[in-house]
Amino acid sequence: MSIVVKNNIHWVGQRDWEVRDFHGTEYKTLRGSSYNSYLIREEKNVLIDTVDHKFSREFVQNLRNEIDLADIDYIVINHAEEDHAGALTELMAQIPDTPIYCTANAIDSINGHHHHPEWNFNVVKTGDTLDIGNGKQLIFVETPMLHWPDSMMTYLTGDAVLFSNDAFGQHYCDEHLFNDEVDQTELFEQCQRYYANILTPFSRLVTPKITEILGFNLPVDMIATSHGVVWRDNPTQIVELYLKWAADYQEDRITIFYDTMSNNTRMMADAIAQGIAETDPRVAVKIFNVARSDKNEILTNVFRSKGVLVGTSTMNNVMMPKIAGLVEEMTGLRFRNKRASAFGSHGWSGGAVDRLSTRLQDAGFEMSLSLKAKWRPDQDALELCREHGREIARQWALAPLPQSTVNKVVKEETSATTTADLGPRMQCSVCQWIYDPAKGEPMQDVAPGTPWSEVPDNFLCPECSLGKDVFEELASEAK
């Protein structure tokens, strides 16, 4: 089934609702994807790109329903990767002499995948044109390393449509083709996820290339991407976002991610987050256990953040494998304008945190002090973690801290007598979580100021879910 894009331009691509892994397992496509191919019918008929190789036969069959394959005058390949040019072998078996227009680097890539050097390749460079009749031309723009050396974009005059290749796309599958027809929150999330995980390493190239394209002073009524939606409603909004994201992007956000063997590093992460939130309530703090989280969501949050705290237990004197792998991906993504700190628990040796700090520095992060805890952190160690979070919040603040948090220590000291009147704090003997009467436990409707004696009998420890009977008076407060 084809979809009219504009005038004589039809979408003849393929939706892929089922795909969940892209580039091996490097990118999780939780909302599927699409492989966008476009058929232009003017005096000359032009096919722009094909689809992923696994849909080759379906693609050629569907294309034959749209047009006699022999009537295709030109094939344009903006990118030789298999999700763009994968159906070429199946198609060229039917029309072997059809001219293929692509960059010089694309010929190498296409031959590397399809092994047909006899195909009728025609090399194009930035500014080259191809007349397709009815007063319209294709204008080619090379975009090397966005995100392969062979990449280019193609602009159709008259209709003012930019076929943008991977740029401005998203791995997002929907029955609707146009940006104004889909859920805007989902669309924005997938656009940012796509940029953060795929195009971030090339941010230094994005701005000059967009500036070069804008310098042609060509109107852009639509941007037809290789994946996801076609931008027809205010199409340059995504261009503006790319310029913003390419400029060492950061929000007032801190991402904490960790892996843990015995829950100890998780306890540290929670306490650090508490310290950050106490000191700078404006900052968004996001916490992820890498063993239970989508790594591309973690990386998207790192992209958005001003800084990242990475935690690992020590195993065989090195960091946990999932942490090592994710930090390696962060190195490849080449994040800029971000700070980092390493933390973690250990037993008889603590080599992981030092190795992690070195790896983060090698990845281009501006490093802050690291933090270590031996075995399961007790109340004193957790307070050190909270203080570490407070110091991180102060060092990484993008603006002067709110006066209310600056004065918080003084207020806490003046309220010490009142807190003491509420009775002792109680500690879970299993996981060491502490109930503070002054704070209560809002998640279980236990209001601040509730003494332990008035806490309902059905109360459960928020950390290990055991009941009140495992709690003991905090040793430092026992009489």
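For all residues, glycine too, the Cβ spot is worked out from N, Cα and C.
Fair warning: this is a prediction, and the values are worked out from it, not measured in the lab.
For the Fe cation 2 site, Swiss-Prot records Asp83, Asp166, and the single candidate of His10, His227, His346, His388 listed with them is His227. Swiss-Prot lists His79, Glu81, Asp166 as binding Fe cation 1, and of His53, His147 the one it places in that same site is His147.
All protein chains shown were included, and the count of other CB atoms within 10 Å of the CB of Ala352 (FMN binding site) stands at 27.
Looking only at Cα atoms, Asp83 (Fe cation 2 binding site) sits nearest to Asp362 among the binding-site residues Ser357, Asp362, Met367. Listed in sequence order, the residues Ser33, Tyr35, Asn36, His79, Glu81, His84, Asn165, Gly169, His171, Thr225, Ser226 complete the 8 Å Cβ shell around the Fe cation 2 site centroid, once Asp83, Asp166, His227 themselves are left out.
Each residue contributes its Cα atom, and for Asp362 (FMN binding site) and His227 (Fe cation 2 binding site) those atoms are 33 Å apart. Taken residue by residue with DSSP, Ser357 (FMN binding site) is part of a helix. Cα-Cα distance from Asp166 (Fe cation 2 binding site) to Ala342 (FMN binding site): 34 Å (rounded to the nearest whole number). Remark: of the binding-site residues Asp166, Asp362, the most isolated position is Asp362 (fewest other Cβ atoms within 10 Å of its Cβ). Annotation note: Met367 (FMN binding site) sits in a strand segment as assigned by DSSP.
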